[in-house]
4 protein chains.
Amino acid sequence: MDEVQKMMYQAPDAEGKVNFVNLYDLEDMAKKVIPEGGYGYISSGAGDLWTIEQNIKSFNHKVIVPRVLADIEHPDMSTEIFGDKLSLPVIMAPVASHGLAHVKGEVATAKGIAESDTIFTISSYANKPFKDISSAGKGAPQWFQFYMSKDDGINRDILDEAKANGMKAIVLTADATVGGNREMDKRTGFVFPLGMPIVSAYQSGVGQNMDAVYGSSKQKLSPRDVEFIAEYSGLPVFVKGVQCAEDAHVAMESGAGGVWVTNHGGRQVDGGRPAFDSLSEVAEAVNKQVPVVFDSGVRRGTHVFKAIAQGADLVAIGRPVLYSLALGGSEGVKQVFDFFKEELAKTMQLAGTHNVEEIKKATLSNYPWA
Amino acid sequence: MDEVQKMMYQAPDAEGKVNFVNLYDLEDMAKKVIPEGGYGYISSGAGDLWTIEQNIKSFNHKVIVPRVLADIEHPDMSTEIFGDKLSLPVIMAPVASHGLAHVKGEVATAKGIAESDTIFTISSYANKPFKDISSAGKGAPQWFQFYMSKDDGINRDILDEAKANGMKAIVLTADATVGGNREMDKRTGFVFPLGMPIVSAYQSGVGQNMDAVYGSSKQKLSPRDVEFIAEYSGLPVFVKGVQCAEDAHVAMESGAGGVWVTNHGGRQVDGGRPAFDSLSEVAEAVNKQVPVVFDSGVRRGTHVFKAIAQGADLVAIGRPVLYSLALGGSEGVKQVFDFFKEELAKTMQLAGTHNVEEIKKATLSNYPWA
Amino acid sequence: MDEVQKMMYQAPDAEGKVNFVNLYDLEDMAKKVIPEGGYGYISSGAGDLWTIEQNIKSFNHKVIVPRVLADIEHPDMSTEIFGDKLSLPVIMAPVASHGLAHVKGEVATAKGIAESDTIFTISSYANKPFKDISSAGKGAPQWFQFYMSKDDGINRDILDEAKANGMKAIVLTADATVGGNREMDKRTGFVFPLGMPIVSAYQSGVGQNMDAVYGSSKQKLSPRDVEFIAEYSGLPVFVKGVQCAEDAHVAMESGAGGVWVTNHGGRQVDGGRPAFDSLSEVAEAVNKQVPVVFDSGVRRGTHVFKAIAQGADLVAIGRPVLYSLALGGSEGVKQVFDFFKEELAKTMQLAGTHNVEEIKKATLSNYPWA
Amino acid sequence: MDEVQKMMYQAPDAEGKVNFVNLYDLEDMAKKVIPEGGYGYISSGAGDLWTIEQNIKSFNHKVIVPRVLADIEHPDMSTEIFGDKLSLPVIMAPVASHGLAHVKGEVATAKGIAESDTIFTISSYANKPFKDISSAGKGAPQWFQFYMSKDDGINRDILDEAKANGMKAIVLTADATVGGNREMDKRTGFVFPLGMPIVSAYQSGVGQNMDAVYGSSKQKLSPRDVEFIAEYSGLPVFVKGVQCAEDAHVAMESGAGGVWVTNHGGRQVDGGRPAFDSLSEVAEAVNKQVPVVFDSGVRRGTHVFKAIAQGADLVAIGRPVLYSLALGGSEGVKQVFDFFKEELAKTMQLAGTHNVEEIKKATLSNYPWA
């Protein structure tokens, strides 16, 4: 994007039902309506794109073994976290800058997610004011993903605002203390075209590339930051980016109220382990002391099933929601969760699991040929 | 298919010898003569088609180790089940709606299979009346695949009809209590264009999609249904869809007279284990107490050999028979079994196995690179 | 090939140096000069061609670990078997009907091989008279591959002729008691266009397809046949087609003077184990009691090195020699062995092995990712 | 290259900044500016190119497990060897004939590397005089890669010159006592178009192919050569080409001051083990007694990270530097090291490693599906 394009970034403004069969359809369709730089930023990953591709493929490292004669009809997909009831164990992962996908940005996303009776994790790098997003999501729990400032005074202000807006948990992103090696952004010359009001106190905003944006937030994250946030906010704090047992222990010892297993959608370390392959190790270390959320590469109801069977309590999705947001606004957002409801219900029925707790007890079989 | 197409579904009516070298040829040829919606319904599988593809590829997870100097000529392929002698250990799996492939539907299939001296498993969702199918198959054993009604009175009536028509066994399909995620059917807009007379008491019929059809049958299958069918019919009952040792035990404890290992041809749970990989686990659990039938992905005499070496007593085939039915009617059907006879005979000879019992003792070698 | 083509099969008659860098070049070039049916017969394999492809790929299941500082220059490739000294541990495998590749057939092959100072294994299904082939190969040892007649009188006559022509060993092909499933031959309608004088007493010859030709030889091979040949001929007898330890024991107990590990170039059982993967198991069973010959998929000096490191005493090649015969007559044949001399010498030097005995002690490393 | 081309080999003479995102871009761009024969010689590998391809792919046999909350900003990439401080743990591998890539040859390379504060390993087959190269690299350590003459008098003279030019270590290439099977050079008819002044006493030079050039140097390398060089030069001697524990022991017992793990960039033994897969075995054998250098297939900062985590002290690169030399002269050379600095810094930050010593303690996870 050259300077002129940057100034005149034209995000889609579509509203209404999107016609898709699966989420790969959505990706193809979204590519045609989101401006190149924005689409590249959303869709791509680090380096040779090996890890981002393996994220999806790695779900085949474990295969489902369907069970029969289980006396099931209409399996129960609902679940609960921190006292909030959700219609399905799939929530919205934090994703920066929904304004790249739709002029209504996070406001439309919040609306669609609230209508899906699940959780929206609002990114620090949202393009809409905190209050507008939380208002749009009324009736559904919201969490706040935190990129900390280097200044603790600013951090306190942001946490105050998060609490004022009713956030139920704080998600500390710990796996992005610098931007990953995003070659697509180098090729398109991508810079963020829109402001980020939640962090405007430390983030100057429009026209900066990803390295500059990450550079303005805090790099030297440590267990003390988890303690600080937990203590100051009084809210459960997820450490996001945990990929091994050791870090699960570090997080819990720091007072984390949850552990979020992810490799940031393959956007940070190429040649890093696919997120699904890290899940069981982390879940075993956590040992049900705190909730485990999983994301990275989830595109199917069967992926949700497998992640829960490997130890996740909740599964988060990201890119597909942005694509559907671009194509249909809040209605598109809701359709993505409807898609997961349909696929997960079928999978649960055919796998012989009456509810989410039974998925957790389902056995997956190793698949060394994948 | 739009409304007009649906009304005027034009199934092939070819009769006579089909010119093919292998079953992949048949698939290519059949695609040209079966209407798009029907071909899509028959040929496709669930989700990303991973499991359906792995079903065939997974036969390479185990390799044949040929034996020499075994003093063999003309190996004996015949076998026996429930007192019926078969010319080869390959039978016809239940497949819905043969009328999609040929105007004569299951009547032509029954004829071709009877001439092959093997078993036809008649689907509940057949398009021809029970009596016509059983008459056409005279001289050969037939089994009945049962999709139960939610009403036990209807179930008793259907079982009465099955017995009246001479069925030798009942096959309870337990892996399809809802339809799988068949995206091809969504893309073509497939609805069943033809009636299903055997289950007309609970199945309203023409113009419904697969979800509606499955929805009208019983979802909450349990061990009690196996007991009910066995007791009421007095016939051996196969539980079809068993993919692990636990379910083999459940089936046998419920009085099953046989266990049928399958993943429904990759049509139900994508990301599920390839059926061949489940076979040895199930066969070991069954431990020869009841017969084991295997299907899913069988396209070669070597596949039949491998399945039997892994513990199957009989191997069932499905799609290829529909393709050859479309291309040549009953004669085409018979040719598919001739194809297996030729390939299996060669394989038995070269593997040093005189008969089916010796195949069961043959050792396959693991192939981790497949 | 239709009837007219069959009658006028036009084999190449080229003579002189062939311009190739590797054996895949040869295959591409030969395809252009050998008539379609003949090329298809020579080049193809069984079924889905999986085993024939894995034959070559499987060499990567084990990788060479080069050694340094080994004080080597001009490694010694020579070896010895049954008192005959060879210039390299690579010999000619038996291949039927060289007349398909060149008008001079086995006479030209014998000449090129003799000039390479190695062994020609003459096929029972050669197109030239025994005496002509043995004369052309003067100065080099020759072995005779035996497809037995069903009539032991004929067998004695053929063995008498083999001895009269100076054969040093008999190779009993035990893995081809029926023809494999060669679909290419079905597609081209291949029939053998040329007579087979060595076995003319039981083989009627021209115009028959492979199934008919194999059908006229003996199917019911057993250990007694090994005993019979060894006793009657007084020559060492290789059992060709041994792929597991059990059959190695059977062969040796029957008096075999050698064991030949092969899967017949992937032409017999598709889905069978790649030959290289069977080698170490057989070699361990043989335990140096008799020589082990290996073939199937050998296209590189590194393949020869790996096969010897896994337990082979000699490595045999087939198709590439036919291709070069088609392109350059006897000179082309010699070039193939020169190719192996160059590649094997480089490999031995770089792997730190002074001679063939040291190759046998070289360690290969497992490669599970191949 | 025919005779005329050989005489008029036109190497690039570009100077200035090169516009690339990653090293694969560089390769594509360099292919357009380096004459065909020269590009083929630089870029290609042995035989079927399997090992050269696996060299890069094999880095995925082990995956990085990122760590969080590690309290890091600006990780320290500097390291030290033999008292020399380097800005990063990446050095220049010895590569013959830089004059193929640029008219200024090794003089430009030396300048770019010195500006990168790292080590240039000068090849015996350099195209520029020793003095010119060492002068151009002032301010940075240089090592000398030695292809020995068959004449020890000449060897002493060359070592004298190396010491006179300030070389800090001698690298004895032990894995190239003959040229590998480079088919690309056969196809292009490549001969070296430029003189090799450092070894002019035994190497007649221009117009010879690789086999002739290697043939003029010493083949029979042994532990005595390591002893000789170490004793005569008083410098640390690396044995280059060590790929297993046994050879690491041989090298160290011969007085080697370092071990260099490489498979010569996949140029020598095709079907040989990918170099990365040999690294941990060698490093364990070396057990920190001497430094370990690694090369072959390094194209990413993540590759550098993985190699160090597997036991390398330094990582060497080759082809990419030649490509960038061709495109931008000394400035291009420097850019390649800048590229590694950027990627390695990001990787270290995201993997939670403060410095090179911490990389050595990082755990990689096995990845059997790669």
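Counting starts with 1 at the first residue shown.
Every residue, even glycine, has its Cβ placed from backbone N, Cα and C.
Feature annotation from TrEMBL assigns active site, proton acceptor to C:His264. In sequence order, C:Thr173, C:Asp175, C:Ala176, C:Gly180, C:Gly241, C:Ser296 make up the list of same-chain residues 6 or more apart from C:His264 (active site, proton acceptor) whose Cβ falls under 8 Å from its Cβ. C:His264 (active site, proton acceptor) carries a helical DSSP state (H, G or I).
The Cβ of C:Tyr41 (glyoxylate binding site) lies under 8 Å from the Cβ of C:Ser97, C:Leu100, C:Arg182, C:Met184, C:Asp185, C:Thr188, C:Phe190, C:Met210, each on the same chain and at least six residues away in sequence. Taken from TrEMBL, the feature glyoxylate binding site covers C:Tyr41, C:Tyr147, C:Arg182, C:His264, C:Arg267.
Marked as FMN binding site by TrEMBL: C:Pro94, C:Val95, C:Ala96, C:Ser123, C:Gln145, C:Thr173, C:Lys240, C:Asp295, C:Ser296, C:Gly297, C:Val298, C:Arg299, C:Gly318, C:Arg319. Residues within less than 8 Å, Cβ to Cβ, of C:Gln145 (FMN binding site) and separated from it by at least 6 positions along the same chain comprise C:Pro94, C:Thr121, C:Ile122, C:Ser123, C:Ser124, C:Ile170, C:Val171, C:Thr173, C:Lys240. Look at C:Gln145 (FMN binding site): DSSP puts it in a strand.
The domain 'FMN hydroxy acid dehydrogenase' annotation in TrEMBL covers C:15-369. As a whole-number mean, the pLDDT of the domain 'FMN hydroxy acid dehydrogenase' (C:15-369) in this prediction is 97.
Of all Cα pairs drawn from C:Tyr41, C:Tyr147, C:Arg182, C:His264, C:Arg267, which the record names as binding glyoxylate, the longest spans 19 Å. Around C:Ala96 (FMN binding site), the C-beta neighbours below 8 angstroms that are at least 6 residues distant in the chain are C:Ser123, C:Ser124, C:Tyr125, C:Ala126, C:Met196. One residue stands out among the binding-site residues C:Pro94, C:Tyr147, C:Lys240, C:Gly318 for having the most other Cβ atoms within 10 Å of its Cβ: C:Lys240. DSSP classifies C:Gly318 (FMN binding site) as coil under the three-state reduction. C:Val298 (FMN binding site) sits 14 Å from C:Arg267 (glyoxylate binding site), taking the Cα positions as reference. Reduced to three states, the DSSP call for C:Lys240 (FMN binding site) is strand. With respect to their backbone Cα atoms, C:Arg267 (glyoxylate binding site) and C:Gly318 (FMN binding site) stand 12 Å from each other. When the Cα atoms are compared, C:Tyr147 (glyoxylate binding site) and C:Gly318 (FMN binding site) turn out to be 17 Å apart. Other C-beta atoms found within 10 angstroms of the C-beta of C:Ser296 (FMN binding site) number 31, with every protein chain shown included. Across the residues annotated as binding FMN (C:Pro94, C:Val95, C:Ala96, C:Ser123, C:Gln145, C:Thr173, C:Lys240, C:Asp295, C:Ser296, C:Gly297, C:Val298, C:Arg299, C:Gly318, C:Arg319), the two Cα atoms farthest apart lie 22 Å from each other.
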